[in-house]
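Have a look at the structure below before the remarks.
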There are 2 protein chains.
Amino acid sequence: MSDNQQWHYENFDPTGSAIGYRITRKLDEVQSPFQKIEIFESTDWGNLMLIDGAMMLTTKDNFFYHEMIAHPALLTHPDPRKVVIIGGGDCGTLREVLKHKGVESAVQCDIDEQVTRMAEKYFPELCDSNDDPRATLMWDDGLAYIKNLEPRSVDVIIVDSTDPVGPAEGLFNKAFFADCFKALRDNGVLVQQSESPLMLLDLIKELRGEMGKAGFAEFQTLPFPQPCYPTGWWSVTMARKGGQGFAFRELPVDLATLYYTGTAHAAGQTLPPFVAQALK
Amino acid sequence: MSDNQQWHYENFDPTGSAIGYRITRKLDEVQSPFQKIEIFESTDWGNLMLIDGAMMLTTKDNFFYHEMIAHPALLTHPDPRKVVIIGGGDCGTLREVLKHKGVESAVQCDIDEQVTRMAEKYFPELCDSNDDPRATLMWDDGLAYIKNLEPRSVDVIIVDSTDPVGPAEGLFNKAFFADCFKALRDNGVLVQQSESPLMLLDLIKELRGEMGKAGFAEFQTLPFPQPCYPTGWWSVTMARKGGQGFAFRELPVDLATLYYTGTAHAAGQTLPPFVAQALK
């Protein structure tokens, strides 16, 4: 690739839309046993990480996603001490989780060590907390890890996965959610990235259905901007094990965020009418 | 263009990012005295309108923008009767404005009649209200139209323009805003589309500065998702002529929206920390 500026696009078939960036060069590429990871340098978005051609994160805008997959779930739980992250190999979610001082242990279990190695090199700011004594990084099968957890041992499970194809396919169905249900303590919270609320509402509906079949009785889908993902509008879906609803604690005053606020969280709880209608 | 599916991209230089769509065919193209207007048919987003290569709207997602440029401003004004739309040739904003029963007259002044002709043909649902007896459609220079308005004769001015280059350049500066200020009644509201709050914060800051120099004392920028615009996250900025702040009325119960809710409006008033910091 030359040093000239070029445009690199991700064509996303399920939404019929594409996102692209003006890039200056490819910084790295590795074929792991699981997937191809590419790193590009862009003119305006910092570095980009793509996995099998799909945009995973940019330096510039990853904070939307990482804050919204971590803080709503942790603040919905009254006192989260033990947190498990499935996927999340770039360590950005782990960093947000460890900003909560009450968290005593956070395990990040991604199938692909190469994702973390690339993050350490090209997104070092996301790996700030990897040496935190409360953090455990492992590279293993998340399905098996959750299945083998001691029942009622975890407060919050965060499923920070790629799209529901390839390695992440098994993270979107009843069998996996049933294992999460079992591993969570009685007032536990599960949160899963749940794709575009504009174009993939059927997937969100199906995801909530699978969570329901697994025993979860209450769901909440929160939309938020995420420029680097298809349609630029994304969502997380939370499920609670008990019947306690989705009231949430205030963000501690010393916990700095770029996007998350209690107001944004509360507002997300009132879905846009077309989304609410579709999820009925 | 063949009948095969192809991808069509808009590379947006100011953000270094691109949006694209899977299209089936080009439906129309016209070179007006002002700009080139193209219509594509897409696989998942309905029809697309591009002006000089820039994505203007899609059938699927234009409601975000049209609702957010119309309802917050009209609900901030206590009793909007006379509304002027500068630009807005696709008539989608006009349709939202006329959903407010108290509005007695709405003038849409776009420089380019061809935009409206194309909308009538390819986005007929946006032109639903063009025959409303309260509506006046004119094709003329918006700058001159505002300049020549009787002082203190308008309640709400909506600037529904293209990007601040080419025909729309004059809609982003003090001279134009000063004419708006003069044309508005004492408690009037001005609202202007104000680009991406992620990548173009300097532009928003400058816009607010120009509004301030023109006499407006209070500003409010509301972000919202807009998948077809660069970064998928867009904003409108309101300015008030009086000192009444930005409290707003409830949406009438019989006024149906797809995205807008009072909750979303209120939430938009608390900007994400990184935006609030930048606009300080």
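Just so you know, glycine gets a Cβ as well, placed from its N, Cα and C.
Site annotation (TrEMBL): spermidine is bound by A:H66, A:D160, A:S161, A:T162, A:D163, and the candidate from A:D44, A:D90, A:D132, A:D186 recorded at this site is A:D90. Listed in sequence order, the binding-site residues from A:Q35, A:D110, A:D141 having a Cα within 10 Å of the Cα of A:D90 (spermidine binding site) are A:D110. Taken as a whole, the domain 'PABS' (A:10-241) shows an average pLDDT of 95 in this prediction.
Between the CA atoms of A:D163 (spermidine binding site) and A:Q35 (S-methyl-5'-thioadenosine binding site) there is a gap of 13 Å, rounded to the nearest whole number. Between the C-alpha atoms of A:D110 (S-methyl-5'-thioadenosine binding site) and A:T162 (spermidine binding site), the distance comes to 11 Å.
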